[in-house]
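In what follows, a single structure is set out as structure tokens and then discussed.
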């Protein structure tokens with residue numbers, strides 16, 4: 001009987017064994033396919049980097065289009081190889097999904113070519129074309145780098161207005177194709193099994209209802225931003241002698257094309273500019289490579305390692321353009337940077353973010369290309385943290401003396417300036433990120449009409465900025481908009497970085513300690529970084545930080561001490577006291593600087609410097625008016641009996657002493 005029973009179930013047992021064997025074989029094949037896919041993407045990453053580098057150096061942008069077309073073909077092949085698999089094991093489900101729903105590369109070949117050609121074509125136009133110059137201007141912003149220099153350095157409202165407005169005409173001819181390019185977002189959504197552009201972008205950032213969450217976060221942060229915007233607007237309008245009858249700031253007065261980083265105008269708006277002035281003075285005496293060395297010190301403190309010998313040997317710091325182009329050569333396990341040698345406050349902050357970006361890439365080049373098929377919130381948070389730490393670490397990396405900061409006074413002006421510098425860097429980006437995304441989603445949901453006017457309405461509502469005519473097409477020069485990329489991950493990353501910071505600040509016995517070292521010594525931080533390729537960002541922050549949701553409270557708590565300062569800070573900049581031997585610089589009457597007794601030097605060694613708070617019309621460009629702070633009295637006694645030749649010699653000697661004056665150390669207005 002037992003044998004008969006076994007015989008009866010024998011076919012069923014064989015059937016299940018067959019199914020199990022097939023399942024195991026299918027799982028093994030899937031694992032092999034995923035490993036091969038990563039290796040293929042690693043080789044493709046190398047090709048893209050080589051082509052991008054040569055295209056930038058040689059201005060051969062056509063090769064980049066060809067390389068992107070090959071990239072799309074590779075991902076399409078991988079999609080076809082992987083889409084038929086079922087019952088995907090949990091541990092590789094995220095990897096499989098990224099390759100099967102790979103984003104815009106699932107567009108038709110024709111649509112993908114259109115998207116790439118449009119994006120690269122716009123970039124080529126901006127890098128190689130000279131803008132129309134106004135005949136009244138002696139110096140025209142011929143090319144992009146020259147235009148950027150004008151926005152950053154010139155303090156003349158008329159020149160800034162004409163330069164910004166003239167630059168926006170450069171891409172006018174590209175407007176007609178923009179609606180078709182924007183509509184490709186909807187097409188890509190359907191190819192990735194999403195109903196609309198909004199859910200598609202939320203899929204790429206790996207969070208459902210992400211824009212609903214972003215709107216809620218912004219509603220909490222907006223009052224703080226509005227207070228900062230009013231603070232900055234009042235000082236900018238006063239500096240340029242503009243009537244304060246507008247709620248928006250002209251975007252061309254904010255130091256950059258889109259006005260989402262107010263670090264450029266720190267020298268104008270800081271009420272207590274001492275530590276910023278000292279930092280800029282330090283930076284003027286160093287090189288861009290040394291600044292990246294400081295950035296590398298930060299990556300080591302964070303336990304992310306060095307940037308690597310290949311980075312230093314292959315990066316180029318002497319390009320004619322000043323954008324930071326970071327290229328990854330995945331098969332060779334290194335990244336390279338192409339940038340210019342300009343040293344400024346903003347390039348200092350940028351360098352720290354780039355250094356952290358390089359260190360994050362160095363951790364896993366095999367998975368890098370696959371990770372780039374999604375928008376990484378954790379990466380954006382840690383990269384953005386680089387510039388925040390660049391500011392608070394000035395007292396730790398030798399740029400500023402720790403004694404400048406009062407340990408006991410929470411309202412210490414230098415501490416407030418440090419916090420304000422962080423706010424100027426961080427907060428203006430949030431409304432721009434959200435405006436750029438929600439404007440495009442609005443157009444796709446409500447029809448592609450009134451593109452230019454609705455763009456400026458969103459800029460007004462979110463950023464509180466305006467153009468000249470408010471129909472300018474500046475968005476045609478924005479790389480994320482031109483390539484149909486969402487800014488959502490950057491918005492979330494900016495929020496998340498302050499939740500991470502708060503996690504470490506509460507455990508610091510001394511708030512003036514180096515928080516980067518605190519982060520780098522935490523095993524949970526390193527585990528989270530190393531597991532980015534295998535798990536989504538929400539699981540990682542919940543597992544290692546018990547952060548179960550993004551909240552605005554940490555960001556608001558971080559900047560809370562700044563709110564009273566924004567209300568009570570003096571309207572005029574305080575005088576900076578520096579050491580120079582013989583001369584003082586003419587200043588507009590200002591309030592007395594509150595310095596600690598230990599910082600006050602003997603009166604004879606003081607020089608009062610007014611930093612950028614003299615109206616441009618009150619001086620000629622590039623000039624500083626100097627007044628002697630002591631009068632040299634040379635008394636010549638010529639004896640009646642001396643020879644005439646000796647008398648002449650003494651007179652000549654005296655005149656030479658009068659004319660041989662030392663130059664001032666103030667270079668701010670020199671060109």
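Using the three backbone atoms N, Cα and C, a Cβ is placed for every residue, glycine included.
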Range annotated as transmembrane segment - as stated in TrEMBL, picked from 612-633, 634-655:
634-655
C-alpha spacing of residue 340 (disulfide bond) relative to residue 313 (N-linked glycosylation site), in angstrom:
16
Can you check which residues sit near residue 340 (disulfide bond), meaning Cβ under 8 Å from its Cβ, same chain, 6 or more apart in sequence, and list them in order?
145, 288, 317, 318, 319, 320, 321, 322
Where among the recorded positions 313, 322 do you find the Cβ with the fewest other Cβ atoms within 10 Å?
313
